[in-house]
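Per Swiss-Prot, the features are as follows:
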| type | residues | note |
| --- | --- | --- |
| ACT_SITE | TYR129 | active site, proton donor/acceptor |
| ACT_SITE | LYS158 | active site, schiff-base intermediate with substrate |
| BINDING | THR42, ILE200 | pyruvate binding site |
| SITE | THR41 | site 'Part of a proton relay during catalysis' |
| SITE | TYR103 | site 'Part of a proton relay during catalysis' |
Amino acid sequence: MFSGIGTAIITPFKNGEIDYHALKNFLETQRMVDAIILLGTTGEAPNISIEERDKLIPFVREYFPDKPLIVGVGTNSSHHTMELVKNAEKNKADALLVVTPYYNKPTQIGLYHYYKYISEHTDLEIIIYNVPGRTGVNIAPETVYKLASDCKNITALKEANSSFDQINKVLHLKPETFKVFSGNDDISFQFLASGGNGVISVASNVIPNQMVEMYKNIISGNISNARKIFYTYYPLFKALFIETNPIPVKQALNIMGLIENELRLPLYPANKETKNILEKILKECKII
């Protein structure tokens, strides 16, 4: 499993279809990051068909043959999740990002057996993805580490719970070989300085090199440099979530000339106020 900055990449669209020309140009900006996370929340995974996955995953794999490629496969159905697991295996993913089942609101024991079932039916490494603000369920640190103890291929957690109480508990209890990634750019500096293993980042769609530089400064002990980078881009971190992700990040990348500002319903392009805020911040941060 990687350490460092993994970009949760967008899926660019044009006229309703995946825009592979734009995707190729976008991927070129991502050479410095440590991993690519494909078909997560930022990639609009629920709106991507199996047939599209069969083209999209190999496209990214071919572009970055040696960079870790983690593919999102989580749904609220164990049967459908396993279909996506087998699809990711077939298309040469390195690891799986599996979100906690949304809408169903399972108990901790239900979550345990869900992840255990998946782990028993694949050899790929699994990152548990905890994002209670979207799913309506929070997986407890104790459940995560029981899974890590019982399932050898459950090797990491993406923690997108903004509660520092939970984050501190997660980092305090984690086994030495288990990795924990933040899913929140706006606390990435504090998370990494507290011993986190990396960030699965939305902001690195826009500022990949700067996010990598912040991480490198932290692990080399240059905390003041890392802090300066973090607070330089802190307004961007916040702005990327003033509407539902990935609406703002797609707007930002459109302003930068990298992609069309197109999403699939029920997601809808950013309003004018959001666009103006993003333009202002991108200029202030000298990104455009």
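Glycine is treated like the rest: Cβ placed from N, Cα and C.
Around the Cβ of THR42 (pyruvate binding site), the number of neighbouring Cβ atoms within 10 Å comes to 23. Annotation for the residue listed as 'active site, proton donor/acceptor': spatial neighbours GLY40, GLY72, GLY74, LEU97, VAL98, VAL99, THR100, LEU157, LYS158, ALA160, GLY183, criterion Cβ-Cβ under 8 Å with sequence separation of six or more. When secondary structure is read from DSSP and collapsed to three states, the residue listed as 'active site, schiff-base intermediate with substrate' falls in the strand class. Compared over the recorded positions THR41, TYR103, LYS158, ILE200, the count of CB atoms lying within 10 A of a residue's CB peaks at ILE200. If you take the Cα of TYR103 (site 'Part of a proton relay during catalysis') and the Cα of THR41 (site 'Part of a proton relay during catalysis'), they are about 15 angstrom apart, rounded to a whole number.
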